[in-house]
Amino acid sequence: MGDEEAPSGSIEDRINHKNWKWRVSGLEELTTKFRNSIEGSGPLFNEWGPQFKKILADINPMSQERALEPLSAFIDRCDCVNKFAASYVGVLVEKLFASTRPRAKEKTIECLLLTIEADSAEPVVEALLKGTSSTSPKILLASLAALTQALKTFGPKQIPVKLILKQFSPWFENRDKGIRDQASELFIEIYRWIGKALIPLISEALTPIQLKALQDQFEKLPTDPAVPLKYTRSEAAKALANASKGIQAKPEVVEEIDPYSLMTAVNILPKLTSEFYEGLQAKKWQERSEQMDKLVTILTNTPKIETADFSELCKALKKILADVNVMIVQKAVVSIGLLADSLRGGFTSYVKPFITPILEKFKEKKTSVLQSVHTTMDSLVGKSISLSDIIDELTATMQSKVPQIKQEVLVFICNSITNTKKPADITKVTKQLTKIFMEALNDTDSNIRDNASKAFAALGGIIGERAMTPYLNQIDPIKAKKIKDNMPAVATPVTITPQPLAPVDLKDIDLPVSSSNKKPAAATGNSKSSSTTTPTGRSSNSSPLPPPPSSSDDIKNKLIGAGIVNNEIIEGLGKTQWKDRLQAVDDILENVKGLTADSINGMSESIIQLLCDKPSLKESNFQVLSSIFSIFIQCCKNDSNFTQQRCANSYLTTCIEKLTDVKLKEISSELLFSTGESITPHAVFTSIYQFTSNHKNPKIIADSLVWIQQAIDEFGIGCCSNGIQQLKPLLDYTKQCLESTNPDVKKSAIKLLCTIKINIGATLTDFLGDVKKPTMEVLDREFQKIRDQKPPVPNRQWKGMPPPGSAPVQIEFPRVDISVKLTPAIITNLSDANWKTRSDALDEIERIIIDANRKIQPKLGGLIPALKNRLTDNNQKCTITTLNIIGMLSQAMGGQSFEKHARLLIPGILLLLGDSKKPVRDAVISCMNVIVQSDLGFDVFIGSLAAPMIQESAFTRKESLAWTIVNVTNMKAAPIPSEINTLAKGIISCLQDKSAEIRSLADNLLSILCTQIPLIEFKKELKHVKPASQPSIQTILDKYYQKTGQPIPPPSKTKQSTSSSSSSSSTTSQQSSTPSSPQPIRQQQQQQQQQPTQPQQQQQQQQRRSILQSNNGASNCEFIIFDINGKMNRQKTNQIPSWHFIEPTEEVVEILQDQVLQCFTEEFANLMFSSLPSNSQHMSDLMIGMIEQNPEAIISVLDILFRWITFKLFDTGLASQKRVLKILEILLNKLIDSEYSIGEYEASCLVPILLEKSGSATNEQIKQIFKQSIQQLEELCLPNVLFRFAIEMVTSQNWRTRVEVLNVMASIIDKNGASVCGNLKVVIPLITQNLNDSQSKQSSLLCLNKLYSHIKDECFKYSNISQQDKILIIGNNNNNNNNNNNNNNNNNNNNVQQQQQQQQQQQQQQPRKSLSTDEMSTQLIGCLELLKNYSITKENIEHTVEALKQFSGLMANGKLDDVFVNFAEEYFLVLTSILADTFPQVSKDATILRLCKYLIHTIISILSNKVVAKQCNVRCLEIVLNETIKLYSLAESNSSKQGTESELSKAFNQILLRILQNCNSTILFSTLLQMMSRTDNDQSIQHPGKYNDLLLRCLLRATKSLTTPSILEELNVETVLSEINSFLKSNPSLDEITRKTTKTLTSELYQNRTNQVVKFTKDIISKGQQQKYQYLLNLLIELVPKQFEDLINGNGNGNRISSGGSNNNNNNGGRVSSGGNNNNNSGRENINNININSSLDSPINDHHNSNNTTTTTTRSRTSTGSSNSQQQQLPTTSANTTTTTTTTTTTGKTQSTLSTLKINKEPRDYSGKTDSQKKELLIEIFKKIGNKDLTLDGIHDLYFFIREYPDYDITPNLNSSSQQFQAYITRNLKKIKDSMDAPKDKDDEVVNYQERLKVIQNTFYNQHNQPSSQVVNNNNNNNNNNNNNNNNNINNNNNNNNNSGGNENIAPQLSNTASMASNTLQRLRTLNPDQNSGSNNNNSHQNSPSTSSSNDLNSTVASLRQRLAQLTSKSNE
């Protein structure tokens, strides 16, 4: 062959290639691509990032190791490693650490360290900690090494030590010394960082030796503080920023680990018994002291106590504090301190009552007591409460007259202040403490004064010297000096610098603005000229309108001339028939729509006057009036001269009034909107005020308020707030409506005020001061609900509206002083160590600004410095929130006020441009844009922009350059040269960057700023550039500057171009013409640079979303935001269990709108919520088109679409409901066609409200549509899901809804059976409640009737139903049955014969049977579907249990047997799968245990049905056997098996027994053999050894049953033999046990079906299939002697088939002799006495199974006589038998033999017993049966007892044993009865004696411990000797007997017995040589007994009887 093909193709193909060399080639190229990548993100990284998990899992070690190289390059270049780290770090730990490659471990650790450096430490630490718990020593050792290296490199800030300390104990207990040493190295590294704090954390878990060894290593460590060897990327960027500012890096502060957090809480209350509390109340102090000692001991030994109710203990301790015995009091104080240490925060609520009593104990003289009190108080204040919590108690105690108390309290306060970790708690009570100290300083006791000075000094260390000055000035100078002297000596753990009072600045005061400083009115859009314009919005110089026509004739003539009307139309307007009027109006509408804009100008007034005359606005027909309104709408939209006075006033009042008309509401609303667009909305509002203010119809007022609210949303608040003068009438009108008594009016007014509040903010409250207090409280609650809402974007405009570019018109609200709300606590919390506290403080500040309506005074106190510190916060959320607050402040304060703060904050903001997290950079850009858009403009940034450009960070440079290019044009004034010249340094630095993109951006910025920055500034910076880079930069400078230093003027002829884009020279000239506002030259390039700053998700959404086209355009655009996982994510985060409400609230609408915007484009979402009919119809058309064209997209948003449909069902408009229901109908039909199944979550979004609305619908057409939709849902939803939602609605307040729901439930039950109902105990009472309601009673009866038809009288058990109702329920059921069964007897004539009547009856029964079969199938399918949708939730478990109950009830009816067979496989599959899923949790949840029991019971009940079991196929049995044996193995393998698992093990055993007993034997053997063939390849088997053992036991048990005639009849021997051959073929190398089991099965088949086996074998040979059945033939040849081959070769009856080398002749057919024994076989054909040993389980051992030992016994076969012969049991004593027997265990054989020897078959005398004696006797009998050595003897006792007392009930005694053992007892009783009742034959004694001889032989050979070979040799020798002497005589005798007839068959048996006796006697002599002389028959081998010598036989038998008695007694001993 030639050389291997060189790798080629794409990287993807090579990496996925099967050849590892190709994969390595692909990995090398991928590494190169990563290293050459300039970008840190993009398609390359997004494509390959997720694939490293698969690449690293390569099975080839070489390829796997080489995969680390591209991973290393990927991590080095990628900016978003944290997005992919979690996917590959686990593979690194699991696969690469276990690699066999020498350097794989080191490279893997390098990759993990690189990942941590890329700010992705969390997944790495998690994976490594998981690796430390691995069972593989290699992975464990490498994980520990990686943790050590990571901690050493990055420190505990990135590698949390706390997580390591939670699981370190097993490392030091590992047997591998390397692991223990590596763990020691890890802890040495931890000690480097946290020092001695580590020792108490590990002292309890380590042995003293290990701890001592570690401490020795700790002492050797250097004392220098540990520092990380590397920074992460984010830390490096901050360090670089600090370095550029000259800020020194601070040493890393290691988080202090509290050992308390690692401890396990213990509940101590159970230890405090009632004796403890009684002892505390004892009179003797010794008893009280003893109990307190006990409490102290418990608390001392419990460092962490579980939180519980300690109120009783605290009450007892409080009483003890008042005890007279000081020592007991001291112990109580100590106990309280220990409780505080152990409970900490959990003890806070109990502390207060103890404070004063404990403080009073400071008066005690004993030092130990004082020390205990101090310790306890320190514990209370440090662990449970703060000093500020007990300041009142301290103040009261300081009023004590005992000096010692004051002195000690001051010492305690000083210690608390000095040791505090929360200075803020001290600052809260500064005033109270200073008051205490100043009083104590004046005390007469010097010790009190000294302690007060120290405490005062400690307080000064907290609040600072400046804050102390006011207090010190009030004190005597000498005392003040003493305090100052003590202050430096006091430790100040935390220093808080008080904020100095800022000097008063005029800029901080709001002054009235003089008129000279105001901007021109034209600029604001609020000039007086605008307020004096005409209402039409036209300017004063516009041409006046022509005068209107004066008469109606002129109007008609004018309109006829314009072609709008004709005489026919005018005549039609006045006709009495509404259809004629409607036709005329529709003609006018068509003509108006056809007019152009120029044609309709000036015609609107005439049209309106014509229609107002005829048919007039009082038209009674709504269709005519609707068309008139449509004409008015066209006039409003198309006539530019439309005015209010001449046009709108004619119809406005009528239009407002028609808002209440359901049929005209939509068109009236649309007309008002169109009118507002033509004449300002404010004019429409004014008309509403005037018309509705005093109107008597409250509905008109309410609907008008609703329309105003919609108008504000669609036009914006500007439509009514051009000044406070226009807003005030609206507010006055709304407040007037608030006083209305009508709830609808009041509710609408509140909603309108909420809308205004959303738009204008908190200032609205200023206008509501005169509102009544109760109403105001309601408003406040509503305002609280909408506080986070933002005003919607206006989508309508009116004529005269300010252009979009102009400044929005706003109401000037007063600025709010928020300095009062910015409390010191909030400012302090901004610096808290806990990020959540900081985040909460920032959120509170943001809330304060929002509540102030973003109009605040520039009085911020210490907020700005605190915000500056938060810009460098480690938490991303805090940083983003800080940036948002800064942007809000710039807008809320105004540009001039915020300027000084901006210059302080901007440097920190710009540094964040280099943050590696995209959200942070986006927030920075957004904040900067907001600042620029304020009055400050770009100017405030100029002096700070150079800093981010100088940094060596690609992010910082790119973002700062791109932003500067875009915003440099927003400068408000000419830049200051000193500031803008600083950009020269930044531009020069960026021109040297390695990134071409950054250099291009810098070039672009230089082209803009070349006119602002002189060349000399660039020359200065060029000197610091490397000489190699200077020429390229100089070339760029030469492009924009002349040699004289002046900038080159922009070219006017040519176009300047760049590598990416170009712009025209004319544009450049125009842009550069104004130096104060320079424009960028490369606009396209700027746009490209802006794109990376936008969030990537937004870009993708913009690409996916397409703007909806107008009504006149195409409508087939995509409007669904397709997300394949969106529905799943919404289901997980769903917070509303059931989408059901009586009326949609604001919260519901808000939730729905947010969800719709997530799934649909914004334009389409607006259409979905539009109230205009045109928009709604357009939306409906688009939706229906999408449903037809792209159902997949619709299904992805099906839940939200269902919710929107239900929301729209609440519309009052009939047309709107029809549109929505049409969408629903089409949607459901499409889902049915697609065979889609609606899940429970999707159904919850639709079904509840649909059911509710189906009852409330009044329109018949709508009601029918609802019913049709529910029928469609019955096809789409699972019946139990639909039923569950229906049962929830059955309690509805609307009786119509209840009726519809009950009908739906009846339909579901009728179609699917009662199993869909779930828990009948809950369902039936809910249904029966409606029996008391007259409206819903009929439906309730129908539902109960359907239920009764399935479960009969069971439905009456769960509720009290009256007898009358029961009759109705049952009667309805009977009527239904009678209606279904048509009786045709009335059609028969009297002369019809009886035979014809019977035929007719048979014909009538046929359809009934088929119907019954269909019903049963439906019921079974219903139960099956319920089980298939099982999931492990409590509710579903109950449904499943109920379904199983229903199924068991169905199976109890024997009619289902034949039908169930068709579903058996599916049922078994579902039942076993549920059982397998739930079994692992059975010990954790009682509900799951209950479910498992029902499942097992169901399976057993199925298999107990013999009709079903016999028809189960191989697949059914395989399903049940596989799962049952798996679970049985799992239960048995649990070493700590509990009662539950033991009980389930028995249940699994019952399943196996039912299969073995009831299933078809052929199918059973086929299944078992096939399963044994597949066992080795099944990876799902957890315990294969146990699994195989159980399979073999099942096969053995099935083999035993082959002696049963019924099983033999159904057995197909050919099939079983074929399966045996297949099994042997697929498993050529079997273990000994399996092979022996296979032999046993084959031998049993041969013994019981010899003819069929022989025939099958002959057929194989005749067909030439020996090769195919080679394995079976080999087994038969092995089992059967060599003569078997002669038989199957066709030798016939004349052949001799012998074994063991004996030569025997048979003249009467073929005879078989084995081992020297010759038996006559006249009853079987050919061959039947070849004895083959089989290993079978003893039934006694099955019951007494203590060691699961399988006992091998020798079974003798029975032979059947030809005509008059009887069954005989033949002995088997061949060498083969002996060999097989000796291979079994001695213990099992001995037990079986002893139990056989102890059987007493003699009759018992149990007559004359009393009842009590009978009971006792029966107990003793069953005890004997329970003894495995006396079982059979006990069964004989039981037989004679039953024969004596046949009427006595022994069932209770039988039930005490297992079902298996009961069956065993029953079988043996039957055998005993049969044997007793059978006639006694002459050969019984011989046969029985023969059996006894066999038992004795086998027993004693085993007892004498002879080797197997010796036993076999002895047997063979003895048998050969005896048989050689006796064969001739026996053969001759046999020949004679064969000719004499069947009555002389005893002779051969006597001969055989004599031979056996001789053999036995010889063996006994061998075993007992000392007794040979005493035996009368010691030479029996010389004189063998003959059949003709009865004397010799008798003497031999007598001798053996005597010997038998001796040996029996010996064996018993």
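In case you wondered, yes, glycine gets a Cβ from its N, Cα and C as well.
What Swiss-Prot records for 115-153 is repeat 'HEAT 1'. Within its own chain, the repeat 'HEAT 1' (115-153) has Cβ neighbours under 8 Å at 75, 78, 81-82, 85-86, 89-90, 92-94, 97-98, 105, 108-109, 159-161, 163-164, 167, 170-171, 174, 176, 178-179, 182-183, 185-186, 189-190, 192-193, 228-234, 916, counting only residues six or more beyond its boundaries.
According to DSSP, the repeat 'HEAT 2' (158-196) comprises 28 helix, 0 strand, 11 coil. The feature repeat 'HEAT 2' is assigned by Swiss-Prot to 158-196.
Taking Cβ pairs closer than 8 Å, the repeat 'HEAT 3' (200-238) reaches residues 113, 116-119, 121, 152-155, 157-158, 165, 168-169, 172, 184, 187-188, 191-193, 251-252, 257, 259, 262, 872, 914-917, 951, 953, 956 in its own chain, all 6 or more past its ends. The feature repeat 'HEAT 3' is assigned by Swiss-Prot to 200-238.
According to Swiss-Prot, the feature repeat 'HEAT 4' maps to 348-386. Across all of the repeat 'HEAT 4' (348-386), the predicted model scores a mean pLDDT of 91.
The annotation repeat 'HEAT 5' is assigned in Swiss-Prot to 427-465. Counting residues per DSSP class in helix, strand and coil order gives 33 helix, 0 strand, 6 coil for the repeat 'HEAT 5' (427-465).
The region 'Disordered' annotation in Swiss-Prot covers 512-557 (among others).
The compositional bias 'Low complexity' feature in Swiss-Prot is assigned to 524-543 (among others).
When Cβ-Cβ distances below 8 Å are used as the criterion, the repeat 'HEAT 6' (724-762) is approached by residues 682, 685-686, 689, 693, 698-699, 701-703, 705-706, 708-709, 712-713, 716-717, 768, 770-772, 775, 778-779, 782-783, 785-786, 789-791, 811, 813, 816, 850-854, 1146 of the same chain, each at least six residues removed from its ends. For 724-762, the entry in Swiss-Prot reads repeat 'HEAT 6'.
Here the repeat 'HEAT 7' (816-854) has Cβ contacts under 8 Å with residues 424, 427, 496, 499, 760-763, 787, 860-863, 866-867, 869-870, 873-875, 877-878, 881-882, 884-885, 888-889, 891-892 of the same chain, all six or more residues outside its ends. Swiss-Prot lists 816-854 with the feature repeat 'HEAT 7'.
Sequence annotations record features per position, and here Swiss-Prot assigns repeat 'HEAT 9' to 899-937. Taken residue by residue, the repeat 'HEAT 9' (899-937) breaks down under DSSP into 32 helix, 0 strand, 7 coil.
Annotation source Swiss-Prot lists repeat 'HEAT 10' at 977-1015.
Sequence annotations record features per position, and here Swiss-Prot assigns region 'Disordered' to 1043-1109 (among others).
Positions annotated as compositional bias 'Low complexity' by Swiss-Prot: 1053-1106 (among others).
The feature repeat 'HEAT 11' is assigned by Swiss-Prot to 1240-1279. If you look at the repeat 'HEAT 11' (1240-1279), the same-chain residues 6 or more away from its ends with a CB under 8 A from one of its CBs are 1127, 1131, 1134, 1137-1142, 1198-1200, 1202-1203, 1205-1206, 1209, 1214, 1217-1218, 1221, 1224-1225, 1228-1229, 1231-1232, 1285-1286, 1288-1289, 1292, 1294-1301, 1304, 1307-1308, 1311-1312, 1316, 1422, 1425-1426, 1429.
Annotation source Swiss-Prot lists repeat 'HEAT 12' at 1281-1314.
Away from its own ends, the repeat 'HEAT 13' (1317-1353) comes close to residues 1280, 1283-1284, 1287, 1290-1291, 1295-1296, 1298-1299, 1302-1303, 1305-1306, 1309-1310, 1359-1362, 1365, 1368-1370, 1372-1373, 1376, 1419, 1438-1439, 1442-1443, 1446, 1449 of its chain (Cβ-Cβ under 8 Å, at least six residues beyond either end). The repeat 'HEAT 13' feature in Swiss-Prot is assigned to 1317-1353.
Residues 79-80, 119, 233-234, 237, 241, 860, 864-865, 867-868, 871-872, 876, 879-880, 883-884, 886-891, 893, 943-945, 947-948, 951, 953, 955-956, 959-960, 963, 967, 970-972, 1093-1096 of the same chain lie 6 or more positions beyond the ends of the repeat 'HEAT 9' (899-937) yet place their CB under 8 Å from a CB of it. Broken down by DSSP into helix, strand and coil, the repeat 'HEAT 6' (724-762) contains 35 helix, 0 strand, 4 coil.
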